[in-house]
Amino acid sequence: MDFLVLFLLYLALVLLGFVMICIGSKTHYLQGLISRGAQVFSYIIPECLQRAMLSVLHYLFHTRNYTFVVLHLILQGMVYTEYTWEIFGLCQQLEFSLYYLFLPYLLLIVNLLFFTLSCVTNPGTITKANELLFLQVYEFDGVMFPKNVRCPTCDLRKPARSKHCSVCNRCVHRFDHHCVWVNNCIGAWNTRYFLSYLFTLTASAATMAVVSTVFLVRLVVMSDVYLQTYVDDLGHLQVVDTVFLVQYLFLTFPRIVFLVGFVVVLSFLLGGYLCFCLYLAATNQTTNEWYKGDRAWCQHCPHVARPPAAEPQAYRNIHSHGLWSNLREIFLPATACYERKEK
C-alpha cells in the first residue's frame, strides 16, 4: 500500500480516536459501546494478561510517576534532533532566513520554561491552614457545588470549584484536571502556565511543520520533478502527481517526511485541544465542570444534589463575568495573595 494512503489512514484513525474520546466522555451511548467492546475483549484476552495490562494502566494513569514526563522530553528531543541534524542544514543551503529557522528553538526554550512551571507549581492544594480562605473565593451554586460538603478523604470542607484528585491524593482549588504529561494537577495557580505551555508547544509543532513543508516544496520546485513523467506498472506514461511526489520525497528523505507527518498530526491534535482550553478559559469553566455540566440537572442522576423545584432547571455558570474578567482570573489568580498571606 502506498505511503500516502497509509499516512492518511493513520491520520484519520488518530483524529477519529481523538474525537471519540472527546465526544464519548459526554455521550452515554458511546460510553456504552466502549464498555461492551471491553467486555468482548475480556473474553478473548487471557486473564493473566488482563491483570498485567490493568496493573500497567493503573501505574501510568492512576499514580504519580514521571513516565509521561520522560516520554515527552524524549519525543521533543528526537524531533529537534532530526530538525537540527538534517532540516536546518539543508534549509541553510537553500538560503532560508535564519530568523525563520531559529524560531522553533526560541519556542522550545519558552515551552520548556512553562513546562517546568506546570510541573513544579502548586496547583492550589487545600489544607487545614488555608481551608477558610478558599471557602471565600467562589460562590456556591447549590447544584454542582453545594454548601457544607466535606471531602471524605481529606476531611476538609470543599470550597466551590474544588475537587479531590485521586492521583495526587489532595483537594485542589479550582480543579481542572490531572495531567500525566506534567505529572501534576492543573488548578487555580498553574492553569496560566499550562495554557502557555500548551500554546508554545502547539506553536513549535506548527512552525516546524511549516518550515519542513516549505523546504520539501521548494526542493520539488527547484528540481522540476513535478514537470516530469514516469512509467506506471502497466507500462503507461503518466504525469507526475501528488501521490508520486510524496512517494519520491519519502524515498529520498524518509526521516524528514516522517517528521512532517508527525508534526502535522501533532499540530492538529494540540491545536484542537488548545482551542477547547481557550473556550473553557473564555467562559470561566474547568474541564471538570464542563464534563459534569450536562449531568448537573439530569433527572436520571438521583445522586446529584439539587433543590426542590416545580420544574427542572438548566445548569447556569455563575462564575463567568465576561471575557476579560475570566481571562484575568486565570492569568492573575486572586488566590495568589492568599498564598502569600499563608507564608
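Cβ atoms here come from the backbone N, Cα and C positions, even for glycine.
Pulled from Swiss-Prot, these are the features on record:
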type: ACT_SITE; residues: Cys179; note: active site, S-palmitoyl cysteine intermediate
type: DOMAIN; residues: 149-199; note: domain 'DHHC'
type: MOTIF; residues: 340-343; note: motif 'Di-lysine motif'
type: TOPO_DOM; residues: 24-67; note: topological domain 'Cytoplasmic'
type: TOPO_DOM; residues: 89-95; note: topological domain 'Lumenal'
type: TOPO_DOM; residues: 117-196; note: topological domain 'Cytoplasmic'
type: TOPO_DOM; residues: 218-255; note: topological domain 'Lumenal'
type: TOPO_DOM; residues: 277-343; note: topological domain 'Cytoplasmic'
type: TRANSMEM; residues: 3-23; note: transmembrane segment
type: TRANSMEM; residues: 68-88; note: transmembrane segment
type: TRANSMEM; residues: 96-116; note: transmembrane segment
type: TRANSMEM; residues: 197-217; note: transmembrane segment
type: TRANSMEM; residues: 256-276; note: transmembrane segment
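Here the topological domain 'Lumenal' (89-95) has long-range neighbours at 101, 211, 215, 218-219, 222, meaning same-chain residues at least 6 beyond its ends whose C-beta is under 8 angstroms from one of its own.
Secondary structure of the domain 'DHHC' (149-199) per DSSP (helix as H, G, I; strand as E, B; remaining residues coil): 9 helix, 14 strand, 28 coil.
Taken together, the residues in the motif 'Di-lysine motif' (340-343) have a mean pLDDT of 45 on the 0 to 100 scale.
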